[in-house]
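Peer 1: The active site, proton acceptor annotation in Swiss-Prot covers 74 and is backed by sequence analysis. The domain 'CN hydrolase' annotation in Swiss-Prot covers 29-298, and the record cites sequence analysis as its basis. The N-linked glycosylation site annotation in Swiss-Prot covers 64, 177, 192, 330, 468. Among the features that Swiss-Prot reports, signal peptide is placed at 1-19.
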């Protein structure tokens with residue numbers, strides 16, 4: 001009997017060890033995001049499509065079947081000349097044709113379904129989709145008889161379509177249609193993760209991005225991007241990391257790679273644990289095709305037992321074409337005196353936002369490469385079209401010259417000498433941000449050497465909810481000699497619907513229809 005009990009207890013303990021090992025393994029999944037340089041010149045539309053498809057298949061093969069999910073970026077595959085239908089769901093793999101399939105499903109989409117099956121991975125791609133119009137009269141039909149959508153399509157490991165999303169917030173896409181109402185797209189995997197997904201410009205607005213996180217509780221998010229970076233607060237990887245941090249979610253962000261047009265930036269981020277993999281092409285005019293891989297925790301707040309990514313501080317010329325924040329002239333700012341061994345405590349206010357700054361710095365030369373300003377801004381910013389965000393921010397940012405208009409410009413002499421730097425040894429920002437039902441407040445940080453955000457070992461962040469405000473403290477954990485941006489960035493999605501700054505003209509612009517708005521701007 002004693003022997004039996006010993007053997008029984010040994011068997012139980014062995015089983016528990018196996019169970020524990022499996023549970024450790026099952027705490028992660030392997031994700032890949034692709035920074036992709038599209039082929040867009042040098043052939044017919046069909047030839048360009050085939051060249052991009054070949055690039056996609058080559059990248060998928062390079063993963064060697066190790067990934068659980070691969071994400072490709074926005075607008076890097078087909079064009080409005082080589083459209084495809086996209087089914088919402090399919091019971092069977094799209095790899096083989098079924099009798100009731102839409103005849104407008106293009107062969108390239110089937111090739112990708114076959115690749116998903118071959119490599120046993122979930123696959124997210126972005127396509128230009130053709131949707132035949134169901135017209136009841138000539139008045140309801142467009143001249144071309146079909147609509148075009150900017151669409152994400154998701155395949156499971158067998159190549160079946162399990163999710164589709166059509167972009168809601170369009171950005172400089174005159175030939176693309178919107179759906180009648182926004183779509184909220186999710187899918188659940190066999191590794192017990194439910195993903196939400198959207199496209200590029202959507203990330204700056206509440207719907208659908210924040211709907212996924214706040215209304216549905218999604219903690220794993222995918223975004224396909226062709227993002228134009230803007231200094232000092234909205235470069236691609238900087239914004240991706242801040243967004244994942246503020247929402248405490250895992251984010252898989254796949255970006256197009258056209259640095260000559262200001263487009264680059266991909267990464268995998270685990271909430272407030274920072275970047276697990278990331279890439280910004282800043283020192284070249286030609287983009288890359290690269291698969292970034294990371295072991296992603298099922299729980300974004302579960303501590304990761306891997307070394308933090310800290311890129312080397314190697315200064316190289318910045319060739320990435322960058323946009324500039326359009327409202328800098330309206331900031332309330334104060335210029336830091338470029339005096340060696342200085343320290344300052346400063347309180348700056350604008351409208352309902354006051355921020356307290358504590359800064360200590362030293363110079364490694366009497367003529368540093370950048371000047372710096374402390375600034376606060378409450379206002380509304382415009383993007384390239386008649387689309388707006390209400391912003392509250394306060395921070396420190398680099399300026400090419402003495403004027404505030406030079407902030408967010410990269411120095412032309414991008415041979416960053418070691419002795420031309422400003423070293424910040426102490427930096428703290430304390431801000432009280434008015435509470436609103438729908439807003440997102442995130443850390444916005446950027447290093448001039450790498451164009452990446454600061455990692456958790458370099459940044460401390462805390463939030464305290466009070467009666468009418470949220471008190472946020474942001475602090476530099478260690479000295480830093482290559483800061484471009486160190487700021488608290490608040491996006492207030494419903495500012496005017498919730499008793500905001502009271503700009504009546506802006507409120508009216510938000511209420512009238514886009515057609516009338518375009519007419520007014522033309523006038």
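Here the Cβ of each residue, glycine as well, is placed from N, Cα and C on the backbone.
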Peer 1: Starting from each candidate's C-beta and looking 10 angstroms out, tell me which of the recorded positions 64, 74 has the most other C-beta atoms.
Peer 2: 74
Peer 1: Just checking, which of 177, 192, 330 (glycosylation sites) has the fewest C-beta atoms within 10 Å of its C-beta?
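Peer 2: Taking 177, 192, 330 as the glycosylation sites, the minimal 10 Å Cβ count falls on 192.
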Peer 1: Which of the glycosylation sites 64, 177, 192, 468 has its Cα nearest to the Cα of residue 74 (active site, proton acceptor)?
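Peer 2: Result: the closest of the glycosylation sites to residue 74 (active site, proton acceptor) is 177.
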Peer 1: Nearest of the glycosylation sites to residue 330 (N-linked glycosylation site) by CA-CA distance, picking from 64, 177, 192, 468?
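Peer 2: Nearest candidate: 468.
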Peer 1: Only counting partners 6 or more residues apart, tell me which same-chain residues put their Cβ under 8 Å from the Cβ of residue 468 (N-linked glycosylation site).
Peer 2: 434, 435
Peer 1: Just the number: how many Å between the Cα atoms of residue 64 (N-linked glycosylation site) and residue 177 (N-linked glycosylation site)?
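Peer 2: Their Cα atoms are separated by 37 Å.
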Peer 1: In this predicted model, what is the average pLDDT of the domain 'CN hydrolase' (29-298)?
Peer 2: 95
